[in-house]
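Q: The structure that follows is given in the form of structure tokens.
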Amino acid sequence: MIKSKISNNSKILILGGCRSGKSSQALQLAENMGPRRIFVATCVPHDKEMQRRVDLHRHERGDSWTTREVPLDLAGTIRKTGSSADVMLVDCLTLWLSNLLMENDDEARIKESIRDLAQAVGSAACGVILVSNEVGAGIVPENRLARHYRDLAGWTNQAMAAVCDRVVWTVAGIPVTIKPSPQECAP
Amino acid sequence: MIKSKISNNSKILILGGCRSGKSSQALQLAENMGPRRIFVATCVPHDKEMQRRVDLHRHERGDSWTTREVPLDLAGTIRKTGSSADVMLVDCLTLWLSNLLMENDDEARIKESIRDLAQAVGSAACGVILVSNEVGAGIVPENRLARHYRDLAGWTNQAMAAVCDRVVWTVAGIPVTIKPSPQECAP
Amino acid sequence: MIKSKISNNSKILILGGCRSGKSSQALQLAENMGPRRIFVATCVPHDKEMQRRVDLHRHERGDSWTTREVPLDLAGTIRKTGSSADVMLVDCLTLWLSNLLMENDDEARIKESIRDLAQAVGSAACGVILVSNEVGAGIVPENRLARHYRDLAGWTNQAMAAVCDRVVWTVAGIPVTIKPSPQECAP
């Protein structure tokens, strides 16, 4: 677990590869940020199998969480709902980006959405925890859309890291705080 | 090199991308953990070319190592052989997982094998060094089996990290100790 | 930004995934290493679209930089030009490796080029900043050439890290210094 203090309206980005333990880490952090917790799921189930998984996750989180399914308008949701929550946990940004791309793959429009989200996060009335995937450390994909997606995911992560107080890189379930830097953290 | 002290029966996970220097790092660590060293190779050569490479690696390790080829039963090997060794080095877990998947891709069975290995490592009579690949930081693979494999590899790495005293993230030949955390390590 | 002091003829490797902020980080570091700055671009534009991007980047760097396009002979360029510069910034090594592979994919020849570059960097008369991609933390590619490339990229990164005073791992725009290690950096 992360030892140093998290203030109540901290903005935190949790980054890592697939199955690196990002979501568990995010849930644990949120538990210490106040009782009014909103889980913002960017995954909207399209079939029964997905619905069952989503229900299972909701059950595992327990009654202390309110769940909202928000495939696209994260910025608006944070602006409208932030003042009634202690913490909003968005899981995850890379799926949000997929949703944006599937709706309309115009790069200028997507970059505007990224900037708008960064603005909403940075000025949110409550704590915000963002979960996102690192997808750019493998071989360059042959598929053009995948290359575009990976560029946009990198830009998203940079934009969010810039407005967050804290960035955590997760490896094999272990959280490594990279912002503030370990040197700055030291006593 | 890793500076802080490694106790004799430490459990260590060395993680990193392809050609990040994990195996060299593991061998260097093992040299300081006692003279009775067992190298557990999960790669079983299927042709002359592979056999030559395996023989070359064995030659490079030198006479201070005993080599065992174990494609599947790592937990059993650690339990049966641990008390006669100072250190067992398993290279690597991601290949072990491939071997398990090729034999039988039932998820429940594989998760049971992962839990069983974590139990064997955590309670081993000797030091254990595990080498494993990070495979989840690239773009989502189009191939369903590859997606399944990458989920299982992430779960394997998390399960092993949880029972290890020390986890090392390797980048470009440089070992970065992430467990215990740098803050906890500091004097 | 990286806080600790960078000496004038430091050798620095900036590593990270795609769109992780490596190039911006490299430019920022170079600004503090003296006024005579050479940007060594390994990308040679093949069409008008690429030429426009290259011109844009050159314009963004401003007049304090001299730009050289060097697809292959990085070692020779560093040896010949180093004494007339304060800092040379090479962006990026993974593209240089692609150029080498496209010219001739003989492994022994490429490994010799990697060793030669490491030698030139280590003994350069000026500061050198190398930008390179981590490409080995995704799933194993099905394509044989991609697997070969990723092995070579890993070896390149290890060879350069070994001769550099400082290695920076970049995630979401955040520089994490991994050499010297955080423990060694601490006061």
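Each Cβ is built from the backbone N, Cα and C atoms, and glycine gets one as well.
So TrEMBL lists the following for this protein:
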type	residues	note
BINDING	A:G16, A:G17, A:C18, A:R19, A:S20, A:G21, A:K22, A:S23, A:R58, A:H59, A:E60, A:R61, A:E69, A:D91	GTP binding site
ACT_SITE	A:H57	active site, GMP-histidine intermediate
Q: Do you know offhand how many angstrom separate A:S20 (GTP binding site) and A:H57 (active site, GMP-histidine intermediate) by C-alpha?
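A: It is 17 Å, counting Cα to Cα.
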Q: How big is the GTP site in terms of the longest C-alpha to C-alpha distance among A:G16, A:G17, A:C18, A:R19, A:S20, A:G21, A:K22, A:S23, A:R58, A:H59, A:E60, A:R61, A:E69, A:D91, in angstrom?
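A: Farthest Cα pair among residues binding GTP: 25 Å.
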Q: Near chain B: which of the recorded positions A:K22, A:H57, A:R58, A:E60, A:E69 have their Cβ closer than 8 Å to one of its Cβ atoms?
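A: Listed recorded positions passing the 8 Å Cβ cut to B: none.
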Q: Which whole-number value in Å describes the distance between the Cα atoms of A:C18 (GTP binding site) and A:H57 (active site, GMP-histidine intermediate)?
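A: So the Cα of A:H57 (active site, GMP-histidine intermediate) lies 17 Å away from that of A:C18 (GTP binding site).
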Q: Do me a favour and check the Cα-Cα span between A:G16 (GTP binding site) and A:H57 (active site, GMP-histidine intermediate); whole Å is fine.
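A: Here the two Cα atoms lie 20 Å apart.
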Q: Taking DSSP as the reference, which of helix, strand or coil describes A:E69 (GTP binding site)?
A: strand
